[in-house]
Amino acid sequence: MVALNTLSAVSAALLVLAASPSPASARSLDASPSSAFSGNHSLSKRSLFDPACTGIYDRQLLGKLGRLCDDCYNVFREPKVATGCRSNCYYNLIFLDCLEYLIPSHLQEEHMEALQTVGK
C-alpha cells in the first residue's frame, strides 16, 4: 500500500509538471537553442566555421576535427594547442601531432579524409 501511495504521488507530481507552462514552451519555434543562452545575441550557423576552409562546408566533419583539437587541448592544457590546432583550416603540424597522439593509426586516414574535404 505504501508503494502504491508513493507511485501515486510521483504520478501526480509529473502530471502537475507536464501541465504547467514552461519557459521553453514560451519560446518561438524558430528560435535556436543557442539563443536561449545568449540573450539577444543570435549565433550564425557558420559562426564557428573558419573562413580559411575553402572546401565543402560539412558541419559533421568540422565537428569531428574540432573535437580532436578539443581533446588534444584537454590532454596538454596549452593555449597554443587550442588555437594552433584549428589554424589554417586544421592543416598544420599541431593538428597532425594531435592526430598521431590521440587517434589509433588505423583510424587516422578517416580524419585525413575529413581534412581534405573541408580544407584548402
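Using the three backbone atoms N, Cα and C, a Cβ is placed for every residue, glycine included.
Under the heading disulfide bond, Swiss-Prot lists C53-C89 (among others), citing similarity to another entry as support. In the three-state DSSP assignment, the secondary structure recorded for C53 (disulfide bond) is coil. Of all Cβ atoms in the protein chains displayed, 22 besides its own lie within 10 Å of the Cβ of C53 (disulfide bond).
Following the DSSP three-state reduction, the secondary structure of C85 (disulfide bond) is helix. Residues or ranges marked as disulfide bond by Swiss-Prot on the basis of similarity to another entry: C69-C85 (among others).
Cβ-based neighbour count (10 Å, all protein chains) for C72 (disulfide bond) stands at 21. Here Swiss-Prot flags C72-C98 (among others) as disulfide bond, drawing on similarity to another entry.
Positions annotated as valine amide by Swiss-Prot, on the basis of similarity to another entry: V118. Mapped onto three states, the DSSP output places V118 (valine amide) in helix.
Marked as signal peptide by Swiss-Prot: 1-26.
A Cα-Cα distance of 6 Å separates C53 (disulfide bond) from V118 (valine amide). Nearest by CA distance to C69 (disulfide bond), out of the recorded positions C89, C98, V118, is C98. Ranked by CA distance from V118 (valine amide), the disulfide-bonded residues C72, C89, C98 have C89 at the top as the closest.
Of all the Cβ atoms in the protein chains shown, 25 others lie within 10 Å of the Cβ of C85 (disulfide bond). On a Cα basis, C98 (disulfide bond) lies 14 Å away from C89 (disulfide bond).
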